[in-house]
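*Asks:* Got a structure for you, questions after.
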Amino acid sequence: MALTMLLLLVAAALTLIETRAGQHSLQYFHTAVSRPGLGEPWFISVGYVDDTQFVRFDSDAENPRMEPRARWMEQEGPEYWERETQIAKGHEQSFRGSLRTAQSYYNQSKGGSHTLQWMYGCDMGSDGRLLRGYLQFAYEGRDYIALNEDLKTWTAVDMAAQITRRKWEQAGIAEKDQAYLEGTCMQSLRRYLQLGKETLLRTDPPKAHVTHHPRSYGAVTLRCWALGFYPADITLTWQLNGEELTQDMELVETRPAGDGTFQKWASVVVPLGKEQNYTCHVNHEGLPEPLTLRWGRWEPPPYTVSNMATIAVVVDLGAVAIIGAVVAFVMNRR
């Protein structure tokens, strides 16, 4: 179960909402997992500003407290950490009841392991105003209920979620969430951007190169790498004689590199001997202009092709250790 959870947490963490140039986001991800016979459910909470994890709470820690995960958060005083710790512990307590409620909605036994997930946050536009707010809930890794874009109504995916929707409509939960997303969330985001401006407002351009991988039947794979960039928003495309190969291109999700930067690659399969007809195009806000690369016309970094695969695995495992967990949802908020 532990390995399954780690894979779940990394998969969700790697799908963080990316913001465009000039935009910023504050997001919180909570996860609660029941574990029969092993004590109380595991609860973990992480917060992100843009692509940077800045706070974390783990109920399995020796002394569970909200802790800084970015150096610039060490500027906050004891009152802040005590307040955030109490908030996290309040979520932990409510999720225990929520797990039991969810099991009853789906007529599940108490013997298995079950997962509640909740994600919420706000995006700031380049003008400093709220661009969008969002709040999503899931059970057993599947969508359950979500706040709509108007921040006033809910979308429930099944009959159990309809029960929750009716309860929340009667309790005016959407109005409270809207007030938080438009007010406190945006105020907090502005504060964190000020605290971490040297890190959060920087731009690190990608280091890019193309690798060559022979295949059978007279074909080769060209893989375009972008490494060491920040923020995470980047565009990689392959073109054949100036025309984009969107459908024929394999593109991986942007991955954290474990050092505060990101990596990504895109590949295409091409006929042997025709490699020079294909160009990779890299666009990132840290670049003065987009890069155009061909196989054999860019100085690769000191990594072998085999090492790159190893690096990708290590990066994902590092992301597990650093990120810890993703999303959480609440069925009943008390």
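Including glycine, each Cβ sits where the backbone N, Cα and C put it.
Among the features that Swiss-Prot reports, disulfide bond is placed at Cys122-Cys185, Cys224-Cys280. As annotated by Swiss-Prot, domain 'Ig-like C1-type' applies to 206-294. What Swiss-Prot records for Asn107, Asn277 is N-linked glycosylation site, and it gives sequence analysis as the kind of evidence. What Swiss-Prot lists as region 'Alpha-2' is 112-203. Taken from Swiss-Prot, the feature topological domain 'Extracellular' covers 22-310, and the record attributes it to sequence analysis. Marked as transmembrane segment by Swiss-Prot on the basis of sequence analysis: 311-332.
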*Asks:* I'd like to know which of the glycosylation sites Asn107, Asn277 has the most other Cβ atoms within 10 Å of its Cβ.
*Replies:* Asn277
*Asks:* Report the same-chain neighbours of Cys122 (disulfide bond): residues 6+ apart in sequence with Cβ closer than 8 Å to its Cβ, ordered by sequence.
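*Replies:* Listed in sequence order, they are Ser25, Leu26, Leu130, Leu131, Arg132, Gly133, Tyr134, Leu181, Glu182, Cys185, Met186, Leu189.
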*Asks:* About how far apart, in whole Å, are the alpha carbons (Cα) of Asn107 (N-linked glycosylation site) and Cys280 (disulfide bond)?
*Replies:* 52
*Asks:* Only counting partners 6 or more residues apart, tell me which same-chain residues put their Cβ under 8 Å from the Cβ of Cys224 (disulfide bond).
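*Replies:* Ala208, His209, Val210, Leu236, Trp238, Trp265, Ala266, Ser267, Cys280, Val282, Leu293 - these are the non-local Cβ neighbours of Cys224 (disulfide bond), listed in sequence order.
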*Asks:* Would you mind pulling the DSSP three-state label for Asn107 (N-linked glycosylation site)?
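*Replies:* Where Asn107 (N-linked glycosylation site) sits, the three-state DSSP reduction gives coil.
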*Asks:* Validating a neighbour-count step here. Other CB atoms within 10 A of the CB of Cys280 (disulfide bond): how many?
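*Replies:* By my count, 27.
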*Asks:* Using DSSP, what's the helix, strand and coil tally for the domain 'Ig-like C1-type' (206-294)?
*Replies:* 3 helix, 51 strand, 35 coil
*Asks:* Across the topological domain 'Extracellular' (22-310), what does the mean pLDDT come to, as a whole number?
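*Replies:* Here the predicted model's pLDDT, averaged over the topological domain 'Extracellular' (22-310), is 92.
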